[in-house]
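S.K.: When I checked TrEMBL for this same protein, it listed these features:
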- 32-413: domain 'Major facilitator superfamily (MFS) profile' (DOMAIN)
- 35-59: transmembrane segment (TRANSMEM)
- 65-85: transmembrane segment (TRANSMEM)
- 97-122: transmembrane segment (TRANSMEM)
- 176-204: transmembrane segment (TRANSMEM)
- 239-258: transmembrane segment (TRANSMEM)
- 270-291: transmembrane segment (TRANSMEM)
- 298-316: transmembrane segment (TRANSMEM)
- 322-347: transmembrane segment (TRANSMEM)
- 359-382: transmembrane segment (TRANSMEM)
- 388-406: transmembrane segment (TRANSMEM)
Amino acid sequence: MARCVVKIGCDGARRGTGGGELMWLKVLRDRRLRVLFVGQVLNMFGNTALVIALGIWVLELTGSSGAAGVIFFLIAVPTLCAPFIGLLVDRFPRRKVLIWADLGACVLVSLLVFWPSVWLIYFVTLGYGVSAQVYRAARGGLVHSMVREDELGDVNSVFGALNQALRIVGPLAGAAVFAAFGGSAVAVLDAVTYLASIVSLLLLRGVPDLTRAPEREPIVPALLAGVRHIVATPALRRMVVAGAVAFTGAGMLNVAMFDLVTDGLGQPPEFLGVLGSVQGAGAVLGAVVVGRLMRRRGEFVTAAAGFLLNGAGLGLAATTTLAGVCAGAVLIGLGLPMILVAAVTLVQRRTPNEMQGRAIAASEAMVDLPYTVAIGVATVVIGSVGYLAIYVVQAAVFLAVGLVVLRIRDQVRQTA
């Protein structure tokens with residue numbers, strides 16, 4: 001299955017504008033949001049096409065699922081730099097940070113056009129992971145500065161729907177271009193989308209930036225401020241722990257999915273692009289309904305639903321039948337935005353302006369670090385453990401975490 005990444009979620013009913021469909025109209029009518037939206041379409045399309053192609057590329061060059069799984073390990077490794085990335089984002093204008101992140105990623109990806117090799121693919125993937133970390137933290141702060149607080153959940157659901165919709169066409173496009181023209185062509189495609197995203201950001205004028213972190217603040221407290229904020233906030237702390245437990249094992253899925261496709265289904269590696277698009281179809285529906293679900297039931301219930309759907313989806317995938325794997329991909333896609341949108345909305349709403357970048361980066365790091373370790377472990381043990389055991393165990397973990405999150409909701413209400 002395609003990669004599933006969770007950040008954090010929290011309780012609290014949303015009081016948004018009156019419906020997800022109204023927020024779609026707001027995004028399309030507001031010039032600033034419209035420009036950002038168009039740029040993100042291009043940026044995310046290139047990313048979803050590239051990531052699946054990198055894994056297929058390494059698998060084709062080495063014949064090893066473990067070697068292909070290293071791609072996802074390297075994408076996640078930059079979470080080690082989360083405190084520095086968060087502080088960087090908080091001390092510089094977010095729009096300019098986004099532009100430089102796009103430019104750096106464009107240069108790195110372009111290297112693959114001229115010197116394609118496994119080790120260069122790994123190096124570029126690591127750099128891409130750093131750029132993605134910077135981009136997510138900066139974009140969250142930029143969106144926070146563009147809309148009212150009570151609109152954050154709905155606007156985030158719009159961008160979440162965009163991201164998930166591109167999972168339908170991105171993996172298919174990446175796999176198709178790779179099969180027809182090779183990995184270098186996918187690299188060119190991604191580089192062009194980065195350049196287009198840069199143009200959109202240059203056109204984005206008149207956006208008030210957030211209050212920035214004080215530059216004279218001692219470096220160590222400044223770096224750890226995001227972590228302290230998460231730990232000191234009961235709702236965030238408890239949900240980060242729940243997410244870390246669920247997604248520690250989920251990191252192994254990024255390695256196991258190659259064997260699921262090639263050994264379990266008897267399909268070529270390019271079939272991962274098809275599964276990514278099937279998951280994207282479910283994710284579009286999930287992203288469309290998540291804003292309304294948060295308003296009615298709160299972020300904790302929304303996150304719990306996402307965990308439970310992911311657990312059910314992984315269980316279906318463990319049947320190793322084409323119908324089961326595809327149905328599982330739809331359920332995982334449906335549940336993933338329920339976790340992600342609730343997560344980013346929570347961090348934005350419960351974090352002071354000057355700490356947005358550090359809090360977003362810290363919330364990602366506290367979940368992604370064990371997730372990253374799990375990917376590294378999986379590249380070593382996949383041959384002896386087998387992909388099926390990983391899917392079965394992880395399905396049970398997600399279901400258990402979903403039930404626990406519902407109980408955490410009540411505990412947070414009592415301490416709020």
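Cβ atoms here come from the backbone N, Cα and C positions, even for glycine.
Quick one: where do these features end up spatially?
M.R.: Outside the transmembrane segment (35-59) by six or more residues, the chain places 2-3, 27-28, 65, 67-72, 75, 102, 109, 116, 118, 121-122, 125, 128, 132, 135, 139, 142-143, 146, 158-159, 162-163, 166-167, 169-171, 173-175, 177-178, 183, 186-187, 189-194, 196-197, 199-201, 203-204, 258, 269-270, 272-273, 276 with a CB less than 8 A from a CB of the stretch.
Outside the transmembrane segment (97-122) by six or more residues, the chain places 43, 50, 54, 57-58, 61-62, 67, 70-71, 74, 88-89, 128, 131-132, 134-135, 138-139, 142, 183-184, 187-188, 190-191, 194-195, 197-198, 201-202 with a CB less than 8 A from a CB of the stretch.
Sequence-distant neighbours of the transmembrane segment (176-204) (same chain, 6+ residues past either end, Cβ-Cβ under 8 Å): 32, 35-36, 38-40, 42-43, 45-47, 49-50, 53-54, 56-57, 95, 98-99, 102-103, 105-106, 109-110, 112-113, 116, 121, 270, 273.
Note on the transmembrane segment (239-258): residues 1-10, 55, 59, 65-66, 68-69, 72-73, 76, 230, 269, 272, 275, 300, 303, 307, 310, 314, 339, 346, 363, 366-368, 370-375, 377-379, 382, 387, 390-391, 393-394, 397-398, 401, 404-405, 408 of its chain, located 6 or more positions outside it, place their CB under 8 angstroms from a CB of the stretch.
Beyond the transmembrane segment (270-291), the same-chain residues lying 6 or more positions past its ends with a Cβ under 8 Å from any Cβ of the stretch are 1-2, 14, 16, 20, 23, 48, 52, 55-56, 153-154, 156-157, 160-176, 178-179, 257-258, 261, 302, 306, 309, 325-326, 329-338, 341-342.
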S.K.: Between 0 and 100, where does the mean pLDDT of the domain 'Major facilitator superfamily (MFS) profile' (32-413) sit?
M.R.: 83
